[in-house]
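Taken from TrEMBL, the feature transmembrane segment covers B:226-246, B:289-308, B:354-373, B:380-407, B:413-435, B:456-480, B:486-512.
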Amino acid sequence: MGDDAFTDINGKSISLDCQSHSSLCREFIVSSPKVSIGKVMVYTCCVWLVAYAVFFFTENTAVLSSAILITLVGMMLHIHFVKVDHESLLVVGSLGIQLSSSYASGRETTTFIERSKIKDIVINEAIYMHQIIYYLCVLLKEPSEPNAVSSVVPLFQSSKPRLNCLEKVYRSCQEVLSKC
Amino acid sequence: MVLKIFFPQCCNRADSGLLVGRWIDGHDSAVVLAVVHYPFIPGQVKLYIQQMQAQSGVELTVLGSWSLPKDGQEGMESFLRDLSTIFPQERWLQISRETGKTGFSCDILDQNGVALQKVKKKEKSDGEEEADDEEEEEKVIFVHYEQRKVMLSQLHPVENGVPDSETAPPSELRQMFRTVARSQPLFFLDRYDDGPLKSTHWQSEGREGSIIVELLKQATVPLCLLVGWLLSLWTWFCNVRVFSLLPFRFLSSKLSSCVQLSYRTEHVRTLSSSRPAAGHTEFMRKANIVVSLLVDVALGLLLISWLYRDNHITMVANTLVPAADRVAKELEDLLQWLMGAPAGLKMNRALDQVLGRFFLYHIHLWISYIHLMSPFVERILWYGGLSACLGLTFALSLLSDMVALLTFHIYCFYVYGARLYCLKIYGLSSLWRLFRGKKWNVLRQRVDSCSYDLDQLFIGTLLFTVLLFLLPTTALYYLVFTLLRLVVVLVQGVVHLTVDFINSFPLFAVCLRICRPYRLAEGVKFRVLCEEPGTALHLLMEMNPLKCNTVVHTYRMPTYSCYPKDSWMGLVKKLFVGELVYPWRHKNTKTD
């Protein structure tokens, strides 16, 4: 158990929370920072200033009310679909791996991968925009050929932690998975 | 190895007894289905399990014992151990729970009653020692599941029938779901039965059921017979020889109301079959059809109640004829404008006049046709409106047909314009090749060079010039009438899309997803329950409902799709070359 501070690929601080429920079951929670109030202010002010400028020329009050509506709806959509509050990885030896990400509004999406479908967990490299990043991913088995990899499921997609954080998660995962 | 025990939540507080369930082969896991209480006679338990096994087809066994000691029950330890000799098993689980604690403890005994492992350490030992022990021991994971939800849910993607031997055996979760779903007969024994055995499972407080559902089940049998009889009558009527003649067949394939009728007939035929639905997919398909049919008819009745109240029909009929008149008048004005100098363009005067007069005469014909029809329009609408009781989709298809018939003149203009334009484009392109000393080789499907005579070249060039200078006039007429035609096609397309949407939308599946999310499961999700140090790991298994767009995608009913056949670029290309564009899809063309 422990709560450690790491940084993601952009240098923002994220925290990794490792919980060991038993020797067979570990949970890793990567939480990203909350939405900063300054950013919200900047976006809101931008929309409203533009709306006020349009209102100044057209003298139509519908512009202002629609600007308020747009800001509110935009914020709701952002926290419901875009902003991920924390991502968690639950590794249960001999049962499987569960990935879940919960959004800032409380919505949660979960997928569970059975142990029999998992080939391995590895750290991989990828070219992302103009940089090379590391990411943790689950390799899935091809049902017909046991040695082939059918697909790759990347972990911690929205909060992209750096290598030192990934290594820690990787070691504990392998420890749990190798036990059975 | 780690042993996984799927334990139903309803048995958490059950009295002590025997665990009945199934070992899942190859995965080292056990599914507990029910608890049979003390006191019992072992012979009767064996008989009961055999009966249940025959009824459900699941390999049921006695997995072990369950004890929840109450006050005054002490010294069960040796008794429980003796039970394992009565029900000989490879492995015997001895799950017990103490009143004050939330966690279970589990001992596993082998055939001779020797403890293979002891998960819970009862002796008070040092922390270090316990940690050392844990590393050597085998482990047990308890997965708590809600029996009712697991029994009713359907894991996606749906697999039908017997799995092939070539593919991998079904996964552990799928086997577990199937075991719970198939052992339904086990759950019929409730506490009010006077039998020798008492058991705990999700229905032990009394069987769950709905009187309305049972009544409906009874009512469907005569209803299906009636519908089947009506259907056979209708099929006989459709098969009369007159209808298989060529003009009727052609008409019925082009009229969308006829297509919709045959589509609905197919649906009703699926419903009226007396055979119950075989699998989940077929059941969902039937349910979707029923719900969409009912909604369709309800919407149709709403439309009827609006149409026939306050003489709305007369109002519509009275506006229809003047509207057609006005459209014709506008068209006439448009033609007059085209015959002059439209937008300042200088056209070929002779050709312009010829084309304009030709189209004017057509409009004249059309107006007289409309006026001939005008006394009957109201009656046609009145009887046509009745068709809405077959469903809104049918009324909409009829509307689409009526639009097609009323705008037949626009279609005619479009065809004339397109044919003329097409002819010119083809002529120009072939003459352009002649101009360059080439020709199209039909056999090899390519352009070859060719030496022409002087006469041929002269005539060809002359014709090329004539066609080139006449092209703008034709192109202008073609452009205007194509735009008119596209407006009509757009209206018809919107109507068709609406009909298609009502026909194919899986309303039942979506309602199921909203009201009973566990019924359509994409998978499962686990939650770690509060753990006490020293006991086995407890997980709670919950259903992960299917995403809404996946539901729509999976259960969408196949339709005679009326989406445009071409891509947008293909459409533009066709319009440019002057090929005819239809709103309907040709049957013989294959689409993917």
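Cβ coordinates come from backbone N, Cα and C, glycine included.
Unlike curated entries, TrEMBL annotations are predicted automatically.
For the transmembrane segment (B:456-480), the residues of the chain that approach it from at least six positions outside its boundaries are 334, 338, 342, 345, 347-348, 351-352, 355, 359, 417-418, 420-421, 424, 427-428, 431-432, 434-435, 578, judged by C-beta separation under 8 angstroms. Residues 256, 260, 263, 284, 287-288, 290-292, 295-296, 299, 392-393, 396-397, 399-400, 403-404, 407, 410-411, 519-520, 548, 551-552, 554-559, 561-564, 581, 583 of the same chain, all 6+ positions outside the transmembrane segment (B:486-512), place their C-beta atoms under 8 angstroms from a C-beta of that stretch. Panel annotation: around the transmembrane segment (B:354-373), residues 321, 324-325, 328, 331-332, 335-336, 338-339, 408-409, 412-413, 416, 473-474, 477 of the same chain, lying at least six beyond its termini, place a Cβ under 8 Å from a Cβ of the stretch.
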